[in-house]
């Protein structure tokens, strides 16, 4: 009886959530139609319609940031405004023209309750858009203009992330039961809105930078011996991976650890999870995981675990430029001074190495020694 009552409550909540999303979609569609009608009326009257777009910036790389002085960067407050005019010549007119064309596609998607990818939109007007980045910017502009996220526009990416471990959930009507084989990889859902009934007995979430490391842990049956959820974004994480991680953190309230290569690009991937990306600054506060813990690998691990010299690689000039650029970001001075010190040590020593270098100790050293002991002993920053 209690079980049936619980299922009824869950069904009622799912129904309420469905209605809320339908109302949000209807409201957004109404606002889009209103803007399009206004633009058409302005042009018909011989006037130049203008659209004001807030400009967001979640971090900067200025000299003042390096001096640890205050800057205007914020996760939820705009730092400026761009005014786009359709009839003026120049880049702003082109930008507004592209925005309106993409907006018409979005309007059609919402009216017909259909979805498409950014690439689909590009191929609708390739001679006008010229390159994919133009469409990407227009989608970001629309999100800023209507204060919504990309998924609200029915523009969906192709998810590349993977998950395994002690978790099960429903994705629409599909059951995703990772717990039946905790070492098997499952694709991360494209739409977080389709997820419901999440259940987990995990103690923590582990993010690994690369699929090769993810597969190493799967082969070593890491999740059988450690009650956890393992996720990889397979390099720089896409939006579905970041949204999925943020969703799990909010639902399960578990600590999150991140394992990346000891190089500037690994550090940048780690920073993307914690602080968000500059391209999606307007949405960073809803995608980032501010309490993520850096588990490794650290430059100091090379000496601590007595790895052979052949595992070390010298930082290239490109690596150095990347590291110096990251070091100037204001959030490292403001929110993660220990992370900054670790990156400075890497730059000072001029070396880097990959997670897989730990296999020099033994093939399963990463899964049997490095990760479990570091988490148990609290050796993370």
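Even glycines carry a Cβ here, placed using N, Cα and C.
Taken from Swiss-Prot, the feature domain 'Topo IIA-type catalytic' applies to 23-162, supported by sequence analysis. Annotated active site, O-(5'-phospho-DNA)-tyrosine intermediate per Swiss-Prot: 123, in sequence order. Among the features that Swiss-Prot reports, Mg(2+) binding site is placed at 209, 261.
Assigned with DSSP, the residues of the domain 'Topo IIA-type catalytic' (23-162) fall into helix, strand and coil as follows: 76 helix, 15 strand, 49 coil. A 10 Å cutoff on Cβ-Cβ distances gives residue 261 (Mg(2+) binding site) a total of 21 other Cβ atoms nearby, all chains included. Secondary structure at residue 261 (Mg(2+) binding site), as computed by DSSP, is coil.
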